[in-house]
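As annotated by TrEMBL, transmembrane segment applies to 12-32, 38-59, 79-99, 111-132, 144-166, 186-206, 215-232, 267-292, 304-322, 334-353.
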Amino acid sequence: MSLENGKISSFQLSVLIIGFVFGASVIIAPGQGAEHDAWIAIALGLMEGLIIAGIFTALARHFKGKTLVEINSLVYGKILGNFISILFIWYLFHLGALVLNNYSRFLKLELYPATPKTLTLILIILVCASTVRRGIEVLARCSLILVTLTIIMAIFDTLLVVPHMVLHNLMPILDIPLGKLLWSSHGTAVFPFGDAVAFLMVLAFVNKPEKGRSAVFKGIMIAGLVLIGVAVRNAAVLGQMNAIYTYPTYITAQVIDVGDVLTRVEVLVAINLITMGFFKISVAYYGTVLGLAQVFNLQSYRPLILPIGILMVILALTNVSNTAEMFDFANQGYPIYTVPFQIAIPLITLFVAKLRKLPKIGGEEI
(Lines of atoms letter the chains of each structure in order from A; the text may use other names.)
(Lines give C-alpha, C1' and ligand atoms only; values in the text may rest on other atoms or scores of the structure.)
Protein backbone atom coordinates (compact mmCIF):
# COMPACT_ATOMS: atom_id res chain seq x y z
CA MET A 1 0.00 0.00 0.00
CA SER A 2 1.43 3.36 -1.06
CA LEU A 3 1.64 6.07 1.60
CA GLU A 4 1.36 8.78 -1.07
CA ASN A 5 -1.08 8.44 -3.95
CA GLY A 6 -0.52 11.90 -5.35
CA LYS A 7 1.47 12.61 -8.50
CA ILE A 8 3.15 15.79 -9.72
CA SER A 9 4.35 16.81 -13.16
CA SER A 10 7.96 17.53 -14.02
CA PHE A 11 7.06 21.20 -14.44
CA GLN A 12 5.54 21.31 -10.96
CA LEU A 13 8.69 19.66 -9.63
CA SER A 14 10.87 22.37 -11.20
CA VAL A 15 8.75 25.15 -9.72
CA LEU A 16 8.69 23.46 -6.31
CA ILE A 17 12.48 23.19 -6.37
CA ILE A 18 12.76 26.89 -7.23
CA GLY A 19 10.66 27.73 -4.17
CA PHE A 20 12.65 25.27 -2.06
CA VAL A 21 16.00 26.80 -3.09
CA PHE A 22 14.68 30.32 -2.46
CA GLY A 23 13.50 29.25 0.99
CA ALA A 24 15.93 30.59 3.64
CA SER A 25 18.53 31.52 1.00
CA VAL A 26 16.78 34.87 0.66
CA ILE A 27 16.99 35.25 4.44
CA ILE A 28 20.55 34.04 4.98
CA ALA A 29 22.02 35.50 1.81
CA PRO A 30 24.29 32.87 0.20
CA GLY A 31 27.87 33.80 -0.55
CA GLN A 32 28.00 36.65 1.98
CA GLY A 33 31.41 35.50 3.13
CA ALA A 34 32.72 36.56 -0.28
CA GLU A 35 31.53 40.13 0.39
CA HIS A 36 30.89 42.05 -2.86
CA ASP A 37 32.00 38.95 -4.81
CA ALA A 38 29.04 37.01 -3.40
CA TRP A 39 27.59 36.66 -6.90
CA ILE A 40 30.77 34.85 -8.02
CA ALA A 41 30.57 32.53 -5.00
CA ILE A 42 26.95 31.77 -5.88
CA ALA A 43 27.87 31.04 -9.52
CA LEU A 44 30.62 28.63 -8.44
CA GLY A 45 28.33 27.13 -5.81
CA LEU A 46 25.66 26.62 -8.44
CA MET A 47 28.06 24.51 -10.49
CA GLU A 48 28.96 22.36 -7.47
CA GLY A 49 25.29 22.17 -6.56
CA LEU A 50 24.46 20.80 -10.01
CA ILE A 51 27.07 18.08 -9.47
CA ILE A 52 25.38 17.15 -6.18
CA ALA A 53 22.04 17.13 -8.00
CA GLY A 54 23.55 14.89 -10.68
CA ILE A 55 24.45 12.34 -8.02
CA PHE A 56 21.11 12.13 -6.24
CA THR A 57 19.04 12.27 -9.43
CA ALA A 58 21.14 9.42 -10.86
CA LEU A 59 20.20 7.38 -7.80
CA ALA A 60 16.51 8.28 -8.14
CA ARG A 61 16.56 7.42 -11.85
CA HIS A 62 18.19 4.06 -11.06
CA PHE A 63 15.29 3.23 -8.71
CA LYS A 64 12.28 4.80 -10.41
CA GLY A 65 9.23 5.14 -8.20
CA LYS A 66 11.20 4.57 -4.98
CA THR A 67 11.94 7.00 -2.16
CA LEU A 68 15.38 6.98 -0.52
CA VAL A 69 14.01 4.93 2.38
CA GLU A 70 12.83 2.22 -0.02
CA ILE A 71 16.09 2.41 -1.98
CA ASN A 72 18.17 1.97 1.19
CA SER A 73 16.19 -1.13 2.18
CA LEU A 74 16.79 -2.68 -1.24
CA VAL A 75 20.50 -1.83 -1.35
CA TYR A 76 21.60 -2.40 2.25
CA GLY A 77 18.95 -4.71 3.64
CA LYS A 78 16.28 -3.86 6.18
CA ILE A 79 18.39 -3.24 9.29
CA LEU A 80 21.31 -1.27 7.84
CA GLY A 81 19.02 0.38 5.30
CA ASN A 82 16.67 1.66 7.99
CA PHE A 83 19.62 2.92 10.05
CA ILE A 84 20.92 4.95 7.09
CA SER A 85 17.39 6.16 6.36
CA ILE A 86 16.95 7.38 9.93
CA LEU A 87 20.18 9.37 9.62
CA PHE A 88 18.84 11.00 6.46
CA ILE A 89 15.46 11.63 8.08
CA TRP A 90 17.26 13.37 10.94
CA TYR A 91 18.90 15.65 8.36
CA LEU A 92 15.49 16.54 6.89
CA PHE A 93 14.01 17.12 10.33
CA HIS A 94 16.96 19.28 11.39
CA LEU A 95 16.82 21.21 8.11
CA GLY A 96 13.15 22.01 8.68
CA ALA A 97 13.90 23.19 12.22
CA LEU A 98 16.81 25.37 11.04
CA VAL A 99 14.71 27.11 8.39
CA LEU A 100 11.86 27.48 10.88
CA ASN A 101 14.31 29.12 13.29
CA ASN A 102 15.64 31.42 10.54
CA TYR A 103 12.22 32.74 9.68
CA SER A 104 11.04 33.20 13.25
CA ARG A 105 14.18 35.26 13.97
CA PHE A 106 13.64 37.35 10.84
CA LEU A 107 10.05 38.09 11.85
CA LYS A 108 11.10 38.86 15.41
CA LEU A 109 13.90 41.25 14.41
CA GLU A 110 12.32 43.03 11.46
CA LEU A 111 8.53 42.86 11.65
CA TYR A 112 7.06 41.71 14.96
CA PRO A 113 9.54 42.43 17.77
CA ALA A 114 6.81 42.26 20.42
CA THR A 115 5.48 38.87 19.30
CA PRO A 116 6.82 35.86 21.24
CA LYS A 117 9.06 33.68 19.12
CA THR A 118 7.22 30.53 20.22
CA LEU A 119 3.94 31.89 18.86
CA THR A 120 5.56 32.69 15.52
CA LEU A 121 7.01 29.18 15.28
CA ILE A 122 3.66 27.57 16.09
CA LEU A 123 1.81 29.62 13.48
CA ILE A 124 4.35 28.78 10.76
CA ILE A 125 4.40 25.07 11.56
CA LEU A 126 0.58 24.91 11.60
CA VAL A 127 0.42 26.28 8.05
CA CYS A 128 3.09 23.81 6.92
CA ALA A 129 1.40 20.91 8.74
CA SER A 130 -1.91 21.67 7.04
CA THR A 131 -0.23 21.53 3.63
CA VAL A 132 1.81 18.39 4.39
CA ARG A 133 -1.38 16.65 5.51
CA ARG A 134 -2.92 17.28 2.09
CA GLY A 135 0.02 15.69 0.29
CA ILE A 136 2.63 16.50 -2.31
CA GLU A 137 0.10 17.45 -5.02
CA VAL A 138 -1.30 20.35 -2.99
CA LEU A 139 2.18 21.59 -2.12
CA ALA A 140 3.16 21.49 -5.80
CA ARG A 141 0.01 23.38 -6.87
CA CYS A 142 0.69 26.09 -4.29
CA SER A 143 4.19 26.51 -5.65
CA LEU A 144 2.96 27.33 -9.17
CA ILE A 145 1.22 30.49 -7.99
CA LEU A 146 3.48 31.65 -5.17
CA VAL A 147 6.85 31.05 -6.84
CA THR A 148 5.67 32.88 -9.96
CA LEU A 149 4.59 35.87 -7.85
CA THR A 150 7.92 35.83 -6.00
CA ILE A 151 9.97 35.92 -9.20
CA ILE A 152 7.81 38.75 -10.57
CA MET A 153 8.30 40.63 -7.30
CA ALA A 154 12.08 40.13 -7.46
CA ILE A 155 12.17 41.58 -10.98
CA PHE A 156 9.92 44.47 -9.91
CA ASP A 157 12.12 45.25 -6.88
CA THR A 158 15.25 45.18 -9.00
CA LEU A 159 13.81 47.62 -11.54
CA LEU A 160 12.82 50.02 -8.75
CA VAL A 161 16.30 50.04 -7.17
CA VAL A 162 18.16 50.56 -10.47
CA PRO A 163 18.55 54.31 -9.74
CA HIS A 164 20.25 53.41 -6.44
CA MET A 165 22.72 50.94 -7.98
CA VAL A 166 26.38 51.89 -8.15
CA LEU A 167 28.30 49.43 -10.33
CA HIS A 168 31.55 50.65 -8.79
CA ASN A 169 30.41 48.85 -5.61
CA LEU A 170 31.07 45.56 -7.42
CA MET A 171 34.73 46.46 -7.88
CA PRO A 172 37.39 45.24 -7.59
CA ILE A 173 36.38 41.78 -8.72
CA LEU A 174 38.10 38.77 -7.10
CA ASP A 175 40.04 40.81 -4.57
CA ILE A 176 39.40 38.36 -1.72
CA PRO A 177 41.67 35.37 -0.95
CA LEU A 178 40.98 32.35 -3.19
CA GLY A 179 40.48 30.07 -0.18
CA LYS A 180 37.81 32.38 1.23
CA LEU A 181 36.01 32.50 -2.12
CA LEU A 182 36.09 28.71 -2.55
CA TRP A 183 34.84 28.10 1.00
CA SER A 184 32.04 30.57 0.43
CA SER A 185 31.15 28.89 -2.87
CA HIS A 186 31.09 25.45 -1.20
CA GLY A 187 28.84 26.87 1.50
CA THR A 188 26.53 28.11 -1.24
CA ALA A 189 26.65 24.72 -2.98
CA VAL A 190 25.33 22.86 0.06
CA PHE A 191 23.02 25.69 1.12
CA PRO A 192 20.75 26.22 -0.70
CA PHE A 193 21.42 24.04 -3.78
CA GLY A 194 22.59 20.81 -2.14
CA ASP A 195 19.61 20.81 0.22
CA ALA A 196 17.56 19.77 -2.81
CA VAL A 197 18.71 16.22 -1.97
CA ALA A 198 15.54 16.27 0.16
CA PHE A 199 13.69 15.61 -3.10
CA LEU A 200 14.87 12.00 -2.93
CA MET A 201 11.67 11.67 -0.90
CA VAL A 202 9.62 13.36 -3.65
CA LEU A 203 11.03 12.22 -7.02
CA ALA A 204 9.20 8.90 -6.67
CA PHE A 205 5.91 10.74 -7.22
CA VAL A 206 6.73 12.47 -10.51
CA ASN A 207 4.23 11.21 -13.10
CA LYS A 208 6.93 10.90 -15.76
CA PRO A 209 10.04 9.65 -13.89
CA GLU A 210 12.26 9.97 -16.96
CA LYS A 211 11.79 13.76 -16.81
CA GLY A 212 12.58 14.06 -13.11
CA ARG A 213 16.30 14.66 -13.54
CA SER A 214 15.97 17.45 -16.09
CA ALA A 215 13.25 19.05 -13.96
CA VAL A 216 15.60 19.14 -10.96
CA PHE A 217 18.38 20.71 -13.03
CA LYS A 218 16.03 23.32 -14.50
CA GLY A 219 14.69 24.26 -11.07
CA ILE A 220 18.15 24.63 -9.54
CA MET A 221 19.48 26.56 -12.56
CA ILE A 222 16.62 29.07 -12.61
CA ALA A 223 16.78 29.58 -8.85
CA GLY A 224 20.56 29.97 -9.03
CA LEU A 225 20.40 32.59 -11.77
CA VAL A 226 17.82 34.58 -9.80
CA LEU A 227 20.00 34.41 -6.67
CA ILE A 228 23.01 35.63 -8.68
CA GLY A 229 20.93 38.57 -9.90
CA VAL A 230 19.77 39.35 -6.36
CA ALA A 231 23.37 39.20 -5.08
CA VAL A 232 24.55 41.64 -7.79
CA ARG A 233 21.65 43.96 -7.01
CA ASN A 234 22.27 43.92 -3.26
CA ALA A 235 26.00 44.55 -3.65
CA ALA A 236 25.45 47.36 -6.16
CA VAL A 237 22.96 49.09 -3.85
CA LEU A 238 24.50 48.48 -0.43
CA GLY A 239 28.21 48.47 -1.28
CA GLN A 240 30.49 47.45 1.58
CA MET A 241 27.51 47.37 3.95
CA ASN A 242 26.15 44.35 2.06
CA ALA A 243 28.45 42.02 4.01
CA ILE A 244 27.47 43.62 7.32
CA TYR A 245 23.68 43.64 7.17
CA THR A 246 21.94 40.58 8.59
CA TYR A 247 19.24 40.57 5.91
CA PRO A 248 20.61 42.43 2.85
CA THR A 249 17.70 41.53 0.54
CA TYR A 250 15.21 43.04 2.97
CA ILE A 251 17.40 46.11 3.55
CA THR A 252 17.75 46.66 -0.21
CA ALA A 253 13.96 46.72 -0.52
CA GLN A 254 13.82 49.46 2.12
CA VAL A 255 15.73 51.73 -0.28
CA ILE A 256 12.74 51.78 -2.66
CA ASP A 257 10.84 55.04 -2.38
CA VAL A 258 9.02 56.37 -5.43
CA GLY A 259 7.90 59.74 -4.11
CA ASP A 260 4.88 59.36 -1.83
CA VAL A 261 3.26 56.88 -4.19
CA LEU A 262 5.23 53.70 -3.54
CA THR A 263 6.83 53.18 -0.14
CA ARG A 264 7.25 50.36 2.38
CA VAL A 265 7.78 47.86 -0.45
CA GLU A 266 9.89 45.82 1.97
CA VAL A 267 6.68 44.59 3.60
CA LEU A 268 5.71 42.87 0.34
CA VAL A 269 9.26 41.53 0.07
CA ALA A 270 9.00 40.14 3.60
CA ILE A 271 5.78 38.33 2.65
CA ASN A 272 7.56 36.78 -0.33
CA LEU A 273 10.50 35.73 1.85
CA ILE A 274 8.17 34.04 4.33
CA THR A 275 6.27 32.30 1.53
CA MET A 276 9.45 30.75 0.14
CA GLY A 277 10.43 29.56 3.61
CA PHE A 278 7.08 27.79 3.76
CA PHE A 279 8.10 25.61 0.79
CA LYS A 280 11.45 24.61 2.24
CA ILE A 281 10.02 23.77 5.65
CA SER A 282 7.11 21.87 4.09
CA VAL A 283 9.30 19.70 1.84
CA ALA A 284 11.63 18.85 4.75
CA TYR A 285 8.61 18.22 7.00
CA TYR A 286 6.94 16.02 4.36
CA GLY A 287 10.12 14.00 3.80
CA THR A 288 10.49 13.48 7.55
CA VAL A 289 7.00 12.13 8.23
CA LEU A 290 6.87 10.08 5.02
CA GLY A 291 10.30 8.61 5.72
CA LEU A 292 9.43 7.66 9.31
CA ALA A 293 6.17 6.07 8.16
CA GLN A 294 8.08 3.96 5.64
CA VAL A 295 10.79 2.96 8.12
CA PHE A 296 8.22 1.79 10.67
CA ASN A 297 5.78 0.32 8.10
CA LEU A 298 2.87 2.58 9.08
CA GLN A 299 -0.35 2.68 7.06
CA SER A 300 -0.24 6.48 6.82
CA TYR A 301 2.21 9.28 7.55
CA ARG A 302 -0.56 11.65 8.71
CA PRO A 303 -0.62 10.57 12.40
CA LEU A 304 3.04 11.64 12.59
CA ILE A 305 2.42 15.20 11.37
CA LEU A 306 1.39 16.73 14.71
CA PRO A 307 4.05 15.12 16.96
CA ILE A 308 6.84 15.79 14.43
CA GLY A 309 5.64 19.38 14.09
CA ILE A 310 5.80 19.84 17.87
CA LEU A 311 9.31 18.36 17.99
CA MET A 312 10.40 20.58 15.10
CA VAL A 313 9.22 23.67 16.99
CA ILE A 314 11.09 22.53 20.11
CA LEU A 315 14.30 21.97 18.13
CA ALA A 316 13.88 25.35 16.41
CA LEU A 317 13.65 26.97 19.85
CA THR A 318 16.77 25.27 21.18
CA ASN A 319 19.20 24.57 18.32
CA VAL A 320 20.78 28.04 18.21
CA SER A 321 20.67 30.65 20.96
CA ASN A 322 21.04 33.86 18.92
CA THR A 323 21.26 35.27 15.40
CA ALA A 324 25.07 35.46 15.43
CA GLU A 325 25.29 31.75 16.31
CA MET A 326 22.78 30.94 13.55
CA PHE A 327 24.88 32.71 10.91
CA ASP A 328 28.10 31.21 12.24
CA PHE A 329 26.69 27.69 11.92
CA ALA A 330 25.34 28.46 8.43
CA ASN A 331 28.72 29.75 7.23
CA GLN A 332 31.16 27.48 9.11
CA GLY A 333 29.43 24.35 10.41
CA TYR A 334 26.74 23.57 7.85
CA PRO A 335 29.09 23.17 4.84
CA ILE A 336 30.79 20.29 6.70
CA TYR A 337 27.74 18.88 8.49
CA THR A 338 25.79 18.30 5.27
CA VAL A 339 28.45 16.40 3.28
CA PRO A 340 27.43 12.91 4.56
CA PHE A 341 23.76 13.53 3.73
CA GLN A 342 24.04 15.43 0.46
CA ILE A 343 27.00 13.63 -1.09
CA ALA A 344 28.15 10.51 0.78
CA ILE A 345 24.83 8.69 1.26
CA PRO A 346 23.53 9.12 -2.33
CA LEU A 347 26.94 8.46 -3.90
CA ILE A 348 27.78 5.36 -1.84
CA THR A 349 24.25 4.00 -2.25
CA LEU A 350 24.45 4.40 -6.03
CA PHE A 351 27.89 2.73 -6.07
CA VAL A 352 26.73 -0.24 -3.95
CA ALA A 353 23.57 -0.61 -6.06
CA LYS A 354 25.61 -0.83 -9.26
CA LEU A 355 28.07 -3.20 -7.58
CA ARG A 356 25.21 -5.49 -6.55
CA LYS A 357 23.50 -4.99 -9.93
CA LEU A 358 20.36 -3.61 -8.33
CA PRO A 359 17.45 -3.21 -8.81
CA LYS A 360 16.44 -6.63 -10.07
CA ILE A 361 13.13 -7.99 -11.28
CA GLY A 362 12.76 -11.74 -11.57
CA GLY A 363 16.46 -12.19 -10.84
CA GLU A 364 17.54 -9.93 -13.70
CA GLU A 365 19.10 -6.50 -13.40
CA ILE A 366 17.00 -3.68 -14.84
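Note that Cβ sites are derived from N, Cα and C of the backbone, with glycine treated the same way.
What TrEMBL says about a protein is an automatic prediction, not a curated fact.
Contact between the transmembrane segment (304-322) and the transmembrane segment (111-132) is supported: at least 3 Cβ pairs lie under 8 Å, counting only residues 6 or more apart in sequence. Scored by C-beta pairs under 8 angstroms, the transmembrane segment (38-59) has its highest count with 215-232, from the stretches 79-99, 144-166, 215-232, 334-353. The largest share of C-beta pairs under 8 angstroms with the transmembrane segment (215-232) comes from 144-166, of the ranges 111-132, 144-166, 334-353. Sequence-distant residue pairs (6 or more apart) of the transmembrane segment (111-132) and the transmembrane segment (12-32) include fewer than 3 whose Cβ atoms are under 8 Å, leaving the two stretches without contact. The listed stretches are 79-99, 186-206, 334-353; of these, 79-99 has the most Cβ pairs under 8 Å to the transmembrane segment (267-292). Of the candidate ranges 12-32, 79-99, 144-166, 334-353, 12-32 contributes the most Cβ pairs within a distance under 8 Å of the transmembrane segment (186-206). Sequence-remote contacts of a segment are chain residues at least 6 beyond its ends whose Cβ falls under 8 Å from one of its Cβ atoms, and for the transmembrane segment (334-353) they are 52, 55-56, 58-59, 62-63, 68, 71-72, 74-76, 84, 87-88, 91, 183, 186-187, 190-191, 194-195, 197, 200, 359.
Beyond its flanks by at least six residues, the transmembrane segment (79-99) meets 23-24, 68-69, 72-73, 195, 198, 200-201, 277, 280-281, 284-285, 287-288, 291-292, 294-295, 308, 311-313, 315-316, 319, 338, 340-341, 345, 349 of its own chain at Cβ-Cβ distances under 8 Å.
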